[in-house]
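Each remark here refers to the structure printed beneath this line.
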Amino acid sequence: MPSHHRRDYRRQPSSNFTYVSPCVKYLIFILNFVFWLFGGLLIGIGLYAFVDKWQLTGWVKLDNVYDVILNISLVMVIMGAVVFIVSFAGCVGALRENTCLLKFYSLCLLIFFLLEMGIAIVGFVFPHAMQSVLEENFTDKIIHTYRDDPDLQNFIDFAQQEFRCCGLSSEGFLDWSKNEYFNCSSPSVEHCGVPFSCCINATDLSSRLVNIMCGYGVQTLSVAEASKKVWTSGCIEIVRSWAERNLYTIAGIALGVALSQLFVIYLAKTLEGQIDLQKSRSSELYRPLPITR
């Protein structure tokens with residue numbers, strides 16, 4: 001009798017069985033969907049602010065890396081784009097069970113985690129050294145561009161009012177002598193002055209109006225006399241002191257963020273492993289048996 005050739009395939013015992021946990025899969029998807037929307041919102045706000053500033057000033061200076069770092073609207077766009085791309089990879093990777101996207105996603109989270117931990121360790125262990133680095137690298141550039149960038153100006157005014165400081169470095173309010181408008185040799189009416197946000201009482205309590213001239217001529221006064229009208233300490237030093245006073249609170253928040261990131265990385269790697277296990281199981285179940293005669 002002629003021999004019969006037959007190729008058999010193993011079938012899956014249950015078509016509903018899967019190694020991929022729906023809880024892990026959709027938890028990653030929901031978390032990243034929220035951050036994906038947040039990233040898109042950051043991009044939208046940043047672009048709106050960037051275009052608005054472009055129309056207002058007619059130019060945007062981007063000659064070096066410091067110009068990019070100090071351009072708040074551009075920083076928002078860049079941060080939003082990073083969050084948007086990474087969270088999109090997490091969303092699609094989880095929903096479509098794509099291990100390549102999940103590996104990219106978990107790698108990005110790991111890089112963010114290591115960068116954050118490095119900055120936190122340096123800040124906690126060497127606070128004075130970090131203060132010196134920030135003062136040397138950013139004081140002159142921020143002071144010089146105060147009037148050139150409306151977003152940066154609003155940010156500096158907000159920081160000086162909230163932290164009750166003036167200037168950035170240890171020179172305090174005298175930092176403003178480096179600005180072309182507040183320098184004593186300037187023909188401006190603001191010469192030898194400081195921004196109104198340095199003033200102790202810039203707002204009139206009865207009329208609720210801000211006296212933008214309250215800092216005029218302050219640089220000609222001694223520190224003791226100036227301290228009666230404006231805050232005299234630099235903002236970097238004040239922020240460092242504030243961080244030291246609230247060290248345990250900041251450390252607790254940093255630890256919470258770090259653990260959250262590690263947990264999400266763990267979820268992503270778990271889902272990765274489950275997908276690989278499901279693929280290997282499927283390939284084994286449908287692998288052809290040897291030919292029988």
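The first residue you see is number 1, and the count goes up from there.
Backbone N, Cα and C atoms are what each Cβ position is placed from, and that goes for glycine too.
Per TrEMBL, the features are as follows:
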{"type": "DISULFID", "residues": "Cys166-Cys184", "note": "disulfide bond"}
{"type": "TRANSMEM", "residues": "26-48", "note": "transmembrane segment"}
{"type": "TRANSMEM", "residues": "68-92", "note": "transmembrane segment"}
{"type": "TRANSMEM", "residues": "104-126", "note": "transmembrane segment"}
{"type": "TRANSMEM", "residues": "247-268", "note": "transmembrane segment"}
Determine the minimum-neighbour residue: among Cys166, Cys184, listed as disulfide-bonded residues, which Cβ has the fewest other Cβ atoms within 10 angstroms?
Cys184
Using a Cβ cut-off under 8 Å, which residues of the same chain at least 6 positions beyond either end of the transmembrane segment (68-92) come close to it?
28-29, 31-33, 35-36, 38-47, 49-50, 53, 60, 62, 98, 101-102, 104-105, 108-109, 138, 141-142, 145, 149, 151-152, 155, 268
Where else in the chain does the transmembrane segment (247-268) make close Cβ contacts, counting only residues six or more beyond its ends and a cut-off under 8 Å?
24, 27-28, 31, 90, 93-94, 102, 105-106, 109-110, 112-113, 116-117, 120, 124
